[in-house]
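Enquirer: What TrEMBL records for this protein is below:
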TRANSMEM  14-38  transmembrane segment
TRANSMEM  123-144  transmembrane segment
TRANSMEM  246-265  transmembrane segment
TRANSMEM  271-289  transmembrane segment
TRANSMEM  330-354  transmembrane segment
TRANSMEM  369-394  transmembrane segment
Amino acid sequence: MASSVITLESTPTWAVAVVVFVLISISICIEHLLHLLAKYFNKSRRKYLIQALDKIKSELLQLGFISLLLTVGEKPIGNICIPKSIGETFLPCSDPSNDSPEEAKCEEQGMVSLLSRQGMKELQYLIFVLAFFHSLSCILTFGLGMAKMRKWESWEAETRTLEYQFSNDPRRFLLIHQTSFARRHLRFWSEHRFLRWPACFLRQFYASVSKVDYFTLRHGFITAHFSEGSNFDFQKYIKRTLEKDFGVVVGISLWVWILSMLFIFLNAHGFYNYLWLPFIPLLMLLLVGTQLQGIITRMCLESQEKSQVVRGTFLVRPSDHFFWFGWPKLLLHIMHFILFQNSFQLAFFTWTWYKFGFRSCFHRKTEDIVIRLAMGVLVQVLCGYVTLPLYALVTQKVIFPEKVVEGLKRWRANARRNIALKNNYTSARPSLDNNTTSINTSPSFGASPSFNLNTSHCVKFDQPSSSEYLAVEVKDEGKANSANRETKDS
């Protein structure tokens, strides 16, 4: 006897009220926890983490909206009929068992549904599992990155000891091959690309960032942006950079969704995707790590070509030309795709396990299960603990805090407006004052520029490599008149 479907008409109202109350309570608790987390980030002035949290909430909203559309479109999509010859192509199983009833409309026409109602419900489960695994992947990535940063805290504290200052005394001169950094990177394989790549590939598995690498990159950054002997907290700067990079890798863009749909398509039987698809994120991640290790070695080689003698500490100069196409952010976008694709594969595996059992046509062989789980865990740990912190250390992007950058942008806009007003004024009334004092000031880290309407300011707003300057010149007529009176008296 077929079991009849029980609707809300035959369900006690107290049962409906209890279920709805539990669901609403869980939703309110999650929303409150996210609000408390955002409040904590705002209190600690971690703006990039607030932006990352907003992205995660936006993605959860997007996934929830997709699930809602699946619910609303369950019947209309189920009534879309296609020929059986087309419906039996690119199936995930070689011998599928179709136990779910087809839509009556398609059955009468001898056709099959484009996507049955049962398939729509199963797809909603996949969306929910994907949202959970993506959120979990973001938390693990940031947690592993912060764990790696804690190791660098002791190295940063060591830079303030007398022993470090003595060993890096700028009055000392050494040959390059005598320094620890050169002994690590200037080997017989360093100058040959085909030998350097395998060595850099293996280096990311052990001591991906050594103490001497950290000290050398730190010294190069401080020398390029600050005065000699500065006590700048480089580890805190790297942590802020990691937070900004994390805000990029947690997002879900259109091109990532398109590649994910390609992943679903390749799960059809005959592609043997379990033999090669889980390895793609790992290979891409190892390629990014190899590139970052190679950049450190190339910086060492470039410094050696310029000088054979080191004064104080080995000096390296980070530059965008070491990266592919001169675009450092390309590596960050690749890691963005890797993390989402990895979480998608783990979510897909968990969904098929829950809906179809541990042994199903999606993963019948033991090797398939072992490969998917091992690759998922390995990519997550390697990206969060090794590659992403290494990227933050090598790129060295942000110098000023966000508030300083916004202040300089506002100053730049005001300067341009003042230039336009001055040009209009001088074109209407020529100035008689030729004794305007010009003062050049350049903003430094930790000090905000002072504004004075009686002087002219020349400020460099772009990166150190840029040559664009803005000058604002405001004349003080009082000083000019005083100078003229002194000239007449003399």
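Even glycines carry a Cβ here, placed using N, Cα and C.
All annotation found in TrEMBL is predicted automatically rather than curated by experts.
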Enquirer: Can the transmembrane segment (271-289) be said to touch the transmembrane segment (14-38) if we require at least 3 CB pairs below 8 Å and skip pairs under 6 apart in sequence?
Expert: no
Enquirer: Taking the transmembrane segment (369-394) as reference, which of 14-38, 123-144, 246-265 has the most Cβ pairs under 8 angstroms?
Expert: 123-144
Enquirer: Which sequence positions outside the transmembrane segment (123-144), separated from its termini by at least 6 residues, show Cβ-Cβ distances below 8 Å to it?
Expert: 52, 56, 59-60, 63-64, 66-67, 70-71, 115, 246, 249-250, 252, 339-340, 342-344, 346-348, 350-351, 354-355, 380-381, 383-385, 388
Enquirer: Cβ under 8 Å, sequence separation of at least 6 from the ends of the transmembrane segment (14-38): give me the contacting residues as numbers and ranges.
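Expert: Beyond its ends, the transmembrane segment (14-38) has Cβ neighbours at 8, 50, 53-54, 57.
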